[in-house]
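Q: Sequence annotations record features per position, and here TrEMBL assigns transmembrane segment to 20-42, 54-82, 94-115, 135-156, 176-203, 233-257, 277-299. The domain 'G-protein coupled receptors family 1 profile' annotation in TrEMBL covers 34-296.
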Amino acid sequence: MNSTDEYYDALFDDLFKYLYRYVIPVCYIVGNFGSVISGYIFSTKAWRKNVCVYYFNTCLVINLAALNSYLLTTILIAGYDVDLYNSNIIFCKLYYYTTFLFCALSPTMLILASIDRLLISSQNVNLRLYSSKRLAYFSVSLATVFCIIYFLHVLIKPEIVSVAPSITACTLSTDYGYLMFFAYSSLLVTSFFCINMIVLSILSIKNVRIIRAAPRQQQRQQLRTMNKKDFQLLRCLFVHDIVFIACNIFLNLYYVYIVVRFYGSMSTLERIFSNFLNSFLTMLQQLSFCTSFFIFVTVSKAFRHEFRRIAYKMIRKNSVIMREEEQIERINVEINIFNENGQRAQ
């Protein structure tokens with residue numbers, strides 16, 4: 001390795017080390033806080049009856065699980081050099097399994113939500129009736145069980161290999177055939193998600209335009225038509241789809257490239273830039289789990305109003321408590337002064 005290679009290697013290592021030590025932890029905290037607040041708002045009476053909100057709540061739970069397994073582990077390893085899974089085969093297998101499981105469940109919930117928005121926006125009354133909590137419970141349960149079973153091979157294949165004397169590393173597999181299968185299957189699954197999101201979004205937009213073009217009197221006479229919150233949730237769903245496509249498709253293309261190019265045959269400089277690309281695209285994928293709250297606040301006016309109401313209520317409650325404490329303290333001071341004056345008079 002020449003001086004140029006060493007410079008870039010050290011530069012990229014330090015860059016991602018400082019990012020995962022100082023910047024990404026802030027995103028991790030904000031992502032957890034935002035998911036909890038969003039779940040609390042969606043659990044209120046005004047929101048929880050909506051079927052799409054159920055899918056979003058499920059997605060928020062998955063985001064929380066991904067943040068506290070996938071992202072937190074990477075922060076500890078890349079930012080603070082805490083070795084969690086390179087020497088423990090159980091942690092190694094669980095890390096890969098939970099990572100790919102949550103990365104697949106999140107877009108699955110978005111697709112189910114897109115199907116629900118397509119049904120509720122349909123001109124056919126019978127199709128609109130399929131947008132129900134019962135179908136949502138069944139769909140989420142079936143999709144979750146399928147993903148758990150499908151990714152069992154990821155729970156079996158990871159292994160710990162020796163990369164240098166007294167240095168071990170957790171790797172997905174050393175079998176080139178399995179890596180080829182995994183890379184192409186991941187790209188196929190992600191492409192399936194992206195294509196479905198795009199198609200369902202286009203069809204939903206088409207239905208929404210028809211609904212808005214119809215007279216208001218006709219809309220009121222329809223059974224289970226869309227309201228303002230439904231339109232806002234639909235826009236939130238569109239933005240979620242865009243974020244998923246932007247943050248995941250390039251990482252899966254990279255997986256295919258790295259397997260086809262064969263990592264072992266690269267030059268030192270190519271390997272350094274390949275590691276940089278892998279770290280950057282992985283970080284981008286991880287940050288996508290932190291975006292839900294910001295999407296809801298930015299896109300949905302009703303969500304913004306509810307968030308402001310809750311924040312104002314908390315601030316007002318705290319200010320009332322502070323005023324009560326100040327009044328009690330003032331009364332105690334007056335009592336003490338009164339007692340001292342009484343003692344002096346005696």
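One-based numbering along the chain as shown.
The backbone N, Cα and C atoms fix where each Cβ goes, glycine too.
TrEMBL does not curate its annotations; it predicts them automatically.
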Q: Where, among 20-42, 94-115, 135-156, 176-203, do we find the most CB pairs under 8 A to the transmembrane segment (277-299)?
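A: Result: 20-42.
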Q: Could you name the stretch, out of 20-42, 94-115, 135-156, 176-203, with the greatest number of CB pairs under 8 A to the transmembrane segment (54-82)?
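A: Ranking 20-42, 94-115, 135-156, 176-203 by Cβ pairs under 8 Å to the transmembrane segment (54-82) puts 20-42 first.
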Q: Does the structure show the transmembrane segment (176-203) and the transmembrane segment (20-42) touching, where I'm treating 3 or more Cβ pairs under 8 angstroms (sequence separation 6 or more) as a contact?
A: no
Q: Cβ under 8 Å, sequence separation of at least 6 from the ends of the transmembrane segment (135-156): give me the contacting residues as numbers and ranges.
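A: Same-chain residues near the transmembrane segment (135-156) but 6 or more away: 51, 54-55, 58, 93-94, 96-97, 100-101, 104-105, 108-109, 112, 115-116, 172.
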Q: Using a Cβ cut-off under 8 Å, which residues of the same chain at least 6 positions beyond either end of the transmembrane segment (94-115) come close to it?
A: 52, 55-56, 58-59, 62-63, 65-66, 69-70, 73, 84-85, 136, 139-140, 143-144, 147-148, 150-151, 154-155, 158, 170, 172, 189-190, 193, 196-197, 200-201, 204, 237, 240-241, 244, 248, 285, 289
